[in-house]
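> Pulled from TrEMBL, these are the listed features:
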- Asp397: active site, 4-aspartylphosphate intermediate (ACT_SITE)
- Asp397, Lys398, Thr399, Glu501, Phe542, Lys565, Arg599, Thr679, Gly680, Asp681, Arg793, Lys799, Asn822, Asp823: ATP binding site (BINDING)
- Asp397, Thr399, Asp819, Asp823: Mg(2+) binding site (BINDING)
- 21-86: domain 'P-type ATPase N-terminal' (DOMAIN)
- 845-1099: domain 'P-type ATPase C-terminal' (DOMAIN)
- 1111-1131: region 'Disordered' (REGION)
- 80-98: transmembrane segment (TRANSMEM)
- 280-303: transmembrane segment (TRANSMEM)
- 323-349: transmembrane segment (TRANSMEM)
- 876-897: transmembrane segment (TRANSMEM)
- 909-929: transmembrane segment (TRANSMEM)
- 959-978: transmembrane segment (TRANSMEM)
- 998-1016: transmembrane segment (TRANSMEM)
- 1028-1051: transmembrane segment (TRANSMEM)
- 1071-1092: transmembrane segment (TRANSMEM)
Amino acid sequence: MPLSGFKFGKKKLKEEERYLQANNRDFNLEFEYANNSIKTSKYNFFTFLPLNLFEQFQRIANAYFLFLLILQLIPQVSSLSWFTTVVPLVLVLAVSGVKDAIDDFNRHKSDNHVNNRPVQVLINGRLKDDKWMNIQVGDIIKLENNNFVTADLLLLSSSEPHSLTYIETAELDGETNLKVKQALTVTAELGENLQKLTDFNGEVKCEAPNNKLDKFTGTLTLRGEKFALDNEKMLLRGCTIRNTEWCFGLVIYAGPDTKLMQNCGKTTFKRTSIDRLMNVLVLVIFAFLALMCFILAIGNGIWEHDKGYYFQVYLPWAVGVNSAAYSGFLMFWSYVIILNTVVPISLYVSVEIIRLGNSFYIDWDRKMYYPLNDTPAQARTTTLNEELGQIKYIFSDKTGTLTQNIMAFNKCSINGKSYGDVYDMAGQRTEITEHTEKVDFSYNRLADPKFVFYDHSLVEAVKLDDAATHGFFRLLSLCHTVMPEEKKEGNLVYQAQSPDEGALVTAARNFGFVFRARTPETITVVEMGETKVYELLAILDFNNVRKRMSVIVRSPEGDLTLYCKGADTIVYELLDSSCGSLKEETMEHLNEFAGEGLRTLVVAYKNLQEDYFQEWHKRHHEASTALDGREEKLSELYEEIEKDLMLLGATAIEDKLQDGVPQTIETLTKAHIKIWVLTGDKQETAVNIGYSCNMLHDDMEDVFIIEGNTSEEVLDELRTARKKMNPDSFLDSDDIIKFENPSTKSRILPEEQANGVYGLVINGHSLAYALEGNLELELVRTACLCKVVICCRVTPLQKAQVVELVKKYKKAVTLAIGDGANDVSMIKTAHIGVGISGQEGMQAVLSSDFSFAQFRYLQRLLLVHGRWSYIRMCKFLRYFFYKNFAFTLVHFWYGFFSGFSAQTVYDQWFITLYNLVYTSLPVLGMSLFDQDVDDRWSMQFPHLYEPGQQNLYFNKIEFVKCVLHGIYSSLILFFIPYGAMYDTVRSDGKAIADYQSFALMAQTCLLIVVSVQIGLDTAYWTAVNQFFIWGSLSVYFAIIFTMYSDGMYLIFTASFPFIGTARNTLSQPNVWLVIFLSIILCVLPVVGGRFLKSQLMPTISDKVLRKIRAAKKQPPPPLPKTRLRRTSTRRSGYAFSHQHGFGALIMSGRNMRPKLPFTTTGMFSPNSEKNKHK
C-alpha cells in the first residue's frame, strides 16, 4: 500500500494528497484520516485543571499572590499568617474555574448534539442507522430531502434525472437560493441499488483538506478508467439537501477536515483591553511596591546601624540577625507582605462579580427579548462586558443578520400607473399597518395563501381584462427559471434559484397567471382560469454583464413573443423610440420605488416575425454549438434580437430587512461606530441592502468599487480611492510611510480623516489580492477612511482575515455579528462575537460571546449595557486603586516614625476586614447599579458612547491620577491625626497620644473619607447603595466597639489587645474634630477640581448631560410615526443571484422528471358571476 499522500516527520504526518477507496474501511484507516466527530470545546476531564490554571496564572496578579504565599511560609519574613493569602487565592481560582467549566460544558453539549445526529450508512450491503461521529472517510451514506449534509461528499447518484441534486448553501455563503450539483454519469448508473453501491470500489485521489469552498480537484479511478472531479460534484458539510428525495455520497473529508470546519478557526481565550491594561498596571504597581520596600529597607538598615545596634537591650534583634544590612534585607520582604494591599486579591474577585452581575442584566432585559420565537438575549461569556462599551468597528453578515431572507412583491408600475400604495377617501396616501385591509385572493384556488398585497385597484384592473396588466403578469409567469413542484393537486411549491424570481412568479400566480408546470419545450400557465401551454423556444440566459434575461415563446394562438426583464439602466437602452412618454412616467415610479429602498426590475416585450425568428434560431443553434468564441457569438445574437422592445412596466421587490435595521445603523453611526458588511452574496444584492439600510446614500461624495483582477489593478484602485479621500496621505510628510518598513515594531496606524463621506465596495477575488502582505496596509488605510465598507462574495476565512487586519493595524475594539456557520470564524476572531439566533441554525450562537434574535437589539447591547458596563468598571477601578493606595501608603509614612520596623499602623483585624467587609459592598453597589443617564437618554444621545471608544475613563493617565489622589489622601490621613495627637491630653488630663488611639483615629478617618468619596462618585442612588454605605460604616463601629471591649480581651487576650481604645478615644470631641478636618481636606480638592473641569474643560459627556438636564425640564415631544425613507435616484440592478447557465440546463431537460403535470380541473375565473362582486 503506497503512503505517498503523507510526508513523514518526527512528530506528525503532514497530508499532501488524499487517497481513499470506497467501501474499504480497513484500507482507509491505515492513513489515520480524521473521523466525523467535531470538537469546539477547549478542555476535557483531564486537561481542564492544568490548562485552566495555566490560563489563570497568565494574570500577573495571580502569579504575584502565589509568590506572596511562598513568602508567608518563611517565618523570618512573614508577619501575617499563610491562610490570609491561600483562602482568597483559591477562592478566585475556583470562581473563575467554575465559570470556565460551565462555558466549556455548554460547548461539549453543542458538540454532542451535532455528533449524535442520525445518518444512514451503507455497511455490508445494508443501510444502517448510525451517528455522525462514527462516519469514516470512504463510507457511502444516504441523505434525504431537507437533511443536513453530514461530511464533504462526492455525489454518486440521486433521485433526480441525470443525478442532479439541489442544495441550499446558507450555512456556507449566506445565500438561500438553490444550487445544482451533478454526479458523474458512471456513478449515476448506481442509482439506489444497494448491491451496486456496495460493489462500488472506486479509488479517489484528491487535494489535501483545505478551506477553499469554491475549489476541489481530484480524480476517480474506476475499472481502470480515470474521471476528473471538481467542485460541481461535491456536497459540502453545512449544506442542506432540497427538492431531492434521496442521494448517495462518498465521504471524502470528515469532521475537522471538512471545508466548513477548516473555515471555522480556533476557539481563542479572549481578554478585554482593561484586562490587558491591568496586567501592565499591576507590573507598574509591583515596581512601585518594590521601590517603597527598598526605601524602607534602606531606612531600616540605617536606623539599625545608627540606633538599633546600641538599643538591643530594649529591642533585641531577631534570632539569626547579626547585622543591620541583614535586618534591612529581611525588612524588605516583611514590607512586601504588609504593603501588598496596593494590589489586593479582592480586586479580581470584585471584577468577576461585577461582570457576572452586568451579564445578568443582559439576560434579564425584556427590551431585548423576541417573543415571536421566545428568544431572550444571552450573555454567553461573562468576561467581556465592558468591552461592549468601546466598540469602534462592527463587522456584520448580511443574509439573516440585516435581512430576513424574505422577498416580497411590494409595488409595480404598469403602463404608466403605479400600484401598491393605499389611499384614503380623500385621495391621500396612507401608511400601511397591520390593520390595513388586505386584498382577498380567495376567488383564486391556486393562490399562495401567504402572499399579501394591499392595493385593491390592481385586482380590479386584472378583473377588467386590462390588456397591459394581463401582459405584465403573463410576462412574470413566463420569463423565469423557476421549477414548480406539485405533489398534491393545487398545492404548488416554487423552487427558485433566486428569491427575487420566486417573489415575482408568486405575484403573477395570485393575480391570476399561475405558472403550473414546465418541460424542456413547454411552459404551462393557468391564465384567469384557463390552462394554456406555451412553446418554449429559447432562454436568453442571465449573466453579470447582460443583467437581464429573456425568453422566446409561442402562444397557443401561434404568436411569437420575446419577454425580457432586467436592470432598468440596461433595458431602457433597448426600448423602442415609441415608448418615450411611458419611459418618463415609469422612470418617476422607479425613482420613487428606489427612494423606499426597493429592488426594481423593468419588464418589456417584443412581437417577433416567424421568418426572422427561424433565421435567427438557426444562427443561434450554430453559435451554441461553436467550439471557439461561443459566449461572444451568443452575446451578439442576444443583443441583436433584444432591441426595439415595448415597455410594459416595472416591478419593485422588498428584500425584507429585519425590523429596525436602518434606525439601528443610523444610531450606531451617530455613535461614531464604523460598520462593515462582509457577505458571501453577490455585489449587486449587497449594495442594494447597503442603500436599503441607509448605510450607503446619495449624499456620499463617492462609493468606490474595487474589482481588479490582478494585484496591480487592486493596488491602483485602492490608491486612486485614497488619493481622492485624503490627498495629503501621498505627501512625503506622511507619517505612515514608516509603517511600510517591515522592521518597524509598532503596527498601530494613527487615525486618518477623509475630506468627505465615502463608501467602499470590494469583491471577494479582489479582496484575496488586497489581503496579501504587500497590499494589506493599503487596504486598511483606504477602507478605514470610508464610513461604510461592503465586502461581497467573501469566504468565511476571508471574513476572519478582514477582522484580523483591522485588529492588527488599528487600536480599536471590533465586534462581529452573524447568524450562520459561515460567520463562525469571523465571530471567533473579533474582540466581541455576537450570534443571531435566526433561520440558519445555531452554529453562530454557539461560538458567540453574546446572542439575541434581532439585529436591532445591538444598539441596546452597546449603547446601554455596554456603555454602563464600561463606566461602572472604570469607576470601580479608579475608586479601588484610590482607596487601596490611600490605605497602604499610611503604612509607608508610618515607617519613618517607627524605626522602619514593619510595624502596622492599623489594628490587624482592620487590615483583614478593610477590603473584605468595610469597603467591598459600597463599591460593588456602585459598580452594579450606577448609571449616569438612564437607557432612554443613552439611546437618544449616541455621542455619549464616544468616551468609551477613546478609552477616556480608565487609562494610564487616569491611573496616575488615582495614585496621586491616593498619595495626597494618605498624607492627610497620617499627618493630620499624627499632628493632632502629638502631646495631646484628654479633658480629664490623661494622655491620648498612644499607638492604639492613633491607629483607631487613622483607620476611622480613612474609612469615613473613602465612604464620602464613593458617595461623590455615585451618580445614581438606590436604596441598595444607601444601605451598603451606611451599613458598612455601622458595621465598622459595631465591630470595633465589640472587638475592643473588655469581654473580647478576657476571652482572646492575644488576639484583641486594643482593650477599651474605642470608647476612650471616640468619646473625645477633639478626635471628631480631627476626623472632620481630615474629611474636608481630602474631599475639598476633589469637589473643586471636578467643578472647575466641568465648567472650563467640559468633556463630551458633560455637554450631553447638560442637554439632558435641560431636556428633562420639559417633556419630550412624541416621536413622529413616519416610515424611514431615503431619497435616492439610484435603483438596483438585476436583482437575481442564480447561476449563469441555469437557463441552458432547463432547455436541455436534464433536470426534468418524465411526468405529466396535473390536469387542470375546476377552472376558476375572476370574471364569473360568482366572483364578480367579491
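Heads up, the Cβ atoms here are built off N, Cα and C, so glycines get one too.
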> Counting a contact as 3 or more Cβ pairs under 8 Å, with residues at least 6 apart in sequence, do the transmembrane segment (998-1016) and the transmembrane segment (280-303) touch?
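Stretch pair does not touch.
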> Sort out for me which stretch, of 323-349, 909-929, 1071-1092, has the most Cβ pairs below 8 angstroms to the transmembrane segment (959-978).
1071-1092
> For a three-state summary based on DSSP, what are the helix, strand and coil counts in the domain 'P-type ATPase N-terminal' (21-86)?
31 helix, 1 strand, 34 coil
> Out of Thr399, Asn822, which has the highest number of nearby Cβ atoms, where nearby means within 10 Å of its Cβ, if these are the binding-site residues?
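Of the binding-site residues Thr399, Asn822, the most buried by Cβ count within 10 Å is Asn822.
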> What's the CA-CA gap between Asp819 (Mg(2+) binding site) and Gly680 (ATP binding site) in angstrom, rounded?
13
> Give the nonlocal contacts of the transmembrane segment (323-349) in its own chain as ranges (CB under 8 Å, at least six residues past its ends).
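Hits for the transmembrane segment (323-349): 59, 61-62, 64-65, 68, 71-72, 74, 76-80, 85, 88-89, 91-92, 95, 282, 285-286, 288-290, 292-294, 296-298, 300-302, 304-305, 308-309, 317, 880, 884-885, 887-888, 891-892, 895, 900-902, 904, 911, 914-916, 920.
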> Looking only at C-alpha atoms, tell me how far Asn822 (ATP binding site) is from Asp397 (active site, 4-aspartylphosphate intermediate), rounded to the nearest Å.
9
> Pop the mean pLDDT for the domain 'P-type ATPase N-terminal' (21-86) in here, whole number is fine.
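Residues in the domain 'P-type ATPase N-terminal' (21-86) carry a mean pLDDT of 81 in this prediction.
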> Looking only at residues six or more beyond either end of the transmembrane segment (909-929), which have a C-beta under 8 A from one in the stretch?
84, 341, 344, 346, 350, 353-354, 357-358, 872-873, 875-876, 879-880, 883-884, 887, 999, 1003, 1007, 1010-1011, 1014, 1017-1018, 1020, 1022, 1024-1025, 1027-1029, 1031-1032, 1035-1036, 1039-1040, 1043, 1056
> Would you mind ranking the binding-site residues Arg599, Arg793 by how many other Cβ atoms sit within 10 Å of each Cβ and giving me the lowest?
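Counting other Cβ atoms within 10 Å of each of the binding-site residues Arg599, Arg793 gives the minimum at Arg793.
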> If the ATP binders are Asp397, Lys398, Thr399, Glu501, Phe542, Lys565, Arg599, Thr679, Gly680, Asp681, Arg793, Lys799, Asn822, Asp823 per the record, what's the largest distance between their Cα atoms, in Å?
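Farthest-apart Cα atoms in Asp397, Lys398, Thr399, Glu501, Phe542, Lys565, Arg599, Thr679, Gly680, Asp681, Arg793, Lys799, Asn822, Asp823 are separated by 34 Å.
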> Near the Cβ of Gly680 (ATP binding site), how many other Cβ atoms are there if near means within 10 Å?
27
> Under 8 Å Cβ to Cβ from Asp823 (Mg(2+) binding site), same chain, six or more residues apart: give me those in sequence order, or none if nothing qualifies.
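Non-local contacts for Asp823 (Mg(2+) binding site): Asp397, Thr401, Pro796, Lys799, Ala816, Ile817, Gly835, Ala844.
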> Over all shown protein chains, what is the count of other CB atoms within 10 A of the CB belonging to Asp819 (Mg(2+) binding site)?
32
> If you count the other Cβ atoms within 10 Å of each Cβ, which of the recorded positions Asp397, Phe542 comes out on top?
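Max Cβ neighbours within 10 Å, all protein chains included: Asp397.
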